[in-house]
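Peer 1: Have a look at this one before I ask anything.
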Amino acid sequence: MLKRSMNIADYDPVLWQAIQDENLRQEEHIELIASENYASPRVMEAQGCQFTNKYAEGYPGKRYYGGCEYADIVEQLAIDRAKALFGADYANVQPHSGSQANAAVYMALLNPGDTILGMSLAHGGHLTHGASVSFSGKIYKAEQYGITSEGLIDYDALRKQAHEVKPKMIVGGFSAYSQIVDWAKMREIADEVGAYLFVDMAHVAGLIAAGVYPSPMPHAHVVTTTTHKTLAGPRGGLILANGNEELYKKLNSAVFPAGQGGPLVHVIAAKAVCFKEALEPEFKTYQAQVVKNAKAMVEVFKQRGYNVVSNGTENHLFLVDLVSHGLTGKAADAALSRANITVNKNAVPNDPQKPFVTSGIRVGTPAVTRRGFNEEDVAELAGWMCDILDSMNKDNHEQVIADTKEKVLAICKRLPVYP
């Protein structure tokens, strides 16, 4: 029999300890991984609700199971809020992840063997944009475009490549590109070769929702995003589109029944909360601060002699190129981690190292901004990071790490994630 008094701590202390340890790690570490963020207690509450128990195959008003009247309310709330947030006529809130949202778009619009043209993973793209190890590079003929030595998209080169390979779809979006993408230019190129323009805005969706980064919605045939990252919601996916009822039918069918069975209604409830939060005025203030903080950190790294790819940032992330300092991304990641600063190693343009080693680190500001860091705080943080990087392979390295960790713990105590 079930009782509301049941809890994990009494039943499974090993698991409970891991949960508590992760809570402490998040509170005592500074999170700079660009794809990570802190969900609100409201979002987490929704994910733990009784909708965990409910199967709801189909869509609102057209389910294959009974007892879905409240699931319909939840899903319709999420759909309506997503459409309002991004200025879309169509939203599918059922994809379990960004990758599954992307897979549904490919399935809806392409046939196996069709050519797609997406940003290379090594140049800042995503696995699902045509990487050889991904379904997107196995099922479809994937061509890749890259960035210049200055870290920018060369639209003339992209146009030339598109005319040469004649893709059925051009994929816009990125996981490690710090500048503004010209969505209108990409649509222009797609139209020239008769291709769909599909944009994966997962990394910048929160910035776009807040109006601090250009929206692809007026230009793309289809847009996808995750609902975590800059949106700060639950881990999940979302598909958006405008002005084409036939396309909407194809997308719905590609999600269910082609790609997924029952939706995760408890996660859709959390998405509804997330979208409501993102429609609030304070969300715009938060996203503007995310960009200000990223720019402030970039300036410190540049002043300290570190090369920032593309020489700056216009969004929530930037890449630090460590080649000239003789450091690897893997070693830098490990050293910073010991001082409770979490980043991720990342390839840089023309990277001489293997993908698991790399010559750079990716730094993002959504999470630190969420816990209250301002420009002064992140500038100080960037200085601490440079201190650690400067000390690598030197006698004072251990002392610098120890000193920095003390400072990190102090600022984390001053600015907790969940006060």
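Glycine too: its Cβ is placed from the backbone N, Cα and C atoms.
Bear in mind that the values here come from a model prediction, so they are computed numbers and not experimental data.
Marked as (6S)-5,6,7,8-tetrahydrofolate binding site by Swiss-Prot on the basis of sequence analysis: Leu121, Gly125, His126, Leu127. Residues or ranges marked as site 'Plays an important role in substrate specificity' in Swiss-Prot (evidence: sequence analysis): His228. Per Swiss-Prot, N6-(pyridoxal phosphate)lysine is recorded for Lys229, and the stated evidence type is sequence analysis.
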Peer 1: Could you measure between His228 (site 'Plays an important role in substrate specificity') and His126 ((6S)-5,6,7,8-tetrahydrofolate binding site) for me? Cα positions, answer in whole angstrom.
Peer 2: 16
Peer 1: Hey, how far is Leu127 ((6S)-5,6,7,8-tetrahydrofolate binding site) from the residue listed as 'N6-(pyridoxal phosphate)lysine', Cα to Cα, in Å?
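Peer 2: Checking the Cα atoms of Leu127 ((6S)-5,6,7,8-tetrahydrofolate binding site) and the residue listed as 'N6-(pyridoxal phosphate)lysine' gives a distance of 16 Å.
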Peer 1: Using the recorded (6S)-5,6,7,8-tetrahydrofolate site (Leu121, Gly125, His126, Leu127) as reference, state which further residues of the same chain have their Cβ within 8 Å of the centre of those residues' Cβ atoms, listed in sequence order.
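Peer 2: Apart from the listed residues, the neighbours are Gly118, Met119, Ser120, Thr128, His129, Gly130, Ala131, Ser134, Ser175.
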Peer 1: Can you tell which of the recorded positions (His126, Lys229) has the fewest other C-beta atoms within 10 angstroms of its C-beta?
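Peer 2: Taking His126, Lys229 as the recorded positions, the minimal 10 Å Cβ count falls on His126.
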Peer 1: Just going by other Cβ atoms within 10 Å, which of the binding-site residues Leu121, Leu127 has the emptiest spot?
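Peer 2: If we count Cβ atoms within 10 Å for the binding-site residues Leu121, Leu127, the smallest count is at Leu127.
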Peer 1: Counting only residues 6+ away in sequence within the same chain, which have a CB under 8 Å from the CB of Gly125 ((6S)-5,6,7,8-tetrahydrofolate binding site)?
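Peer 2: Looking at Cβ-Cβ distances below 8 Å from Gly125 ((6S)-5,6,7,8-tetrahydrofolate binding site), excluding near sequence neighbours, one finds Gly118, Met119, Ala131, Gln144, Val171, Gly173, Phe174, Ser175.
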Peer 1: Have a look around His228 (site 'Plays an important role in substrate specificity') and count the other CB atoms within 10 A of its CB, chains all included.
Peer 2: 25
Peer 1: Can you tell me how far the Cα of Leu121 ((6S)-5,6,7,8-tetrahydrofolate binding site) sits from the Cα of the residue listed as 'N6-(pyridoxal phosphate)lysine', in Å?
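Peer 2: Given the Cα positions, Leu121 ((6S)-5,6,7,8-tetrahydrofolate binding site) is 18 Å from the residue listed as 'N6-(pyridoxal phosphate)lysine'.
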